[in-house]
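Comments concern the structure below.
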Amino acid sequence: MIPAVIVVTGTDTDVGKTVATAAIAACLQHAGRSVAAYKPTQTGVTGADPGDMDVVARLTGVPTSEGTRLIAPMAPRAAAAREAVALPDLEAHLAEVRRLTSAYDHVLVEGAGGLLVELTDGAQTLADLAVAVPHCGIVLVARSGLGTLNHVALTREALQRRGIRSLGVIIGSWPTSPDEIEIDNRAYLQDAPLLGVLPTGMPQLPPDAFKRAAVSALPFFA
Ligand SMILES: Nc1ncnc2c1ncn2[C@@H]1O[C@H](COP(=O)(O)OP(=O)(O)OP(=O)(O)O)[C@@H](O)[C@H]1O
Ligand SMILES: C[C@H](N)[C@H](N)CCCCCC(=O)O
Ligand SMILES: [Mg+2]
């Protein structure tokens with residue numbers, strides 16, 4: 001059963017969470033489900049730049065929203081301190097998730113960086129948000145190369161310790177010609193379970209082709 005709220009985290013920043021969020025949204029749309037996406041804390045963009053949710057909207061057309069947008073390409077608390085602004089608190093993020101959940105079949109929530117990056121001035125993280133959202137599930141986006149097995153194991157341990165339901169792992173960018181390390185990593189991740197791999201080049205596809213590639217890559221959601 002695919003939960004109403006799907007939280008998308010990663011083993012790190014820049015691993016492909018945004019593209020995976022778009023791919024999951026495209027699959028759910030393909031299955032006839034209504035979808036919205038939410039980014040509690042966007043950093044590293046100015047007012048005019050496209051943020052993660054703009055990428056998701058471009059690739060899928062789903063409605064999106066952001067909790068806050070900060071300029072410095074840093075962790076949220078550091079970026080907010082530079083601008084001397086307060087971050088939205090956890091209840092504000094939960095209120096937005098509830099608002100979206102009341103209007104759409106599924107809400108995708110993309111974190112900033114990895115699972116335990118602090119998103120609020122009270123040092124609460126995406127894990128705290130997931131714990132507070134009943135019956136949500138987390139998707140973990142990981143790299144393909146050397147080092148990813150440990151990063152996946154660390155994040156899964158953090159999820160298990162908090163009793164957060166892990167739906168599985170997505171490899172954010174799967175090369176056309178994977179090397180032997182990447183092939184071994186993929187085999188070791190099968191029991192995670194590995195929900196799928198996103199072929200390198202997906203975000204450069206036009207929306208229709210992106211949706212077809214997403215449905216092929218992530219049958220769990222389609
Ligand atoms: N399958 C892919 N093929 C090619 N490029 C990709 C793929 N997936 C992600 N990328 C690129 O890698 C970069 C990082 O991806 P993305 O923005 O999804 O990471 P992220 O984990 O969401 O980062 P952040 O922590 O900043 O939110 C982007 O430039 C994105 O276009
Ligand atoms: C700027 C970057 N693209 C993300 N938006 C924020 C990543 C925060 C990572 C914090 C950390 O783990 O060091
Ligand atoms: Mg992102």
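Keep in mind that glycine also has a Cβ here, set from the backbone N, Cα and C atoms.
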Further ATP ligand in TrEMBL, beside D14, V15, G16, K17, T18, V19, E110, G111, A112, G113, G172, S173, within candidate set D49, D52, D208: D52
Assigned element (helix, strand, coil) containing G16 (ATP binding site), judged by DSSP: coil
Cα-nearest neighbour of K39 (active site) within the listed binding-site residues, D14, G16, T18, G111, G113: G111
Residues D14, V15, G16, K17, T18, V19, D52, E110, G111, A112, G113, G172, S173 [recorded ATP binders]: greatest CA to CA distance in Å: 18
Neighbourhood of ligand 1 - recorded positions from K39, T43, G111 with Cβ under 6 Å: none
Under 8 Å by Cβ from D14 (ATP binding site), counting only residues of that chain that are 6 or more apart: none
Listed binding-site residues adjacent to ligand 2, that is, members of T18, G113, S173 whose C-beta is under 6 A away: G113
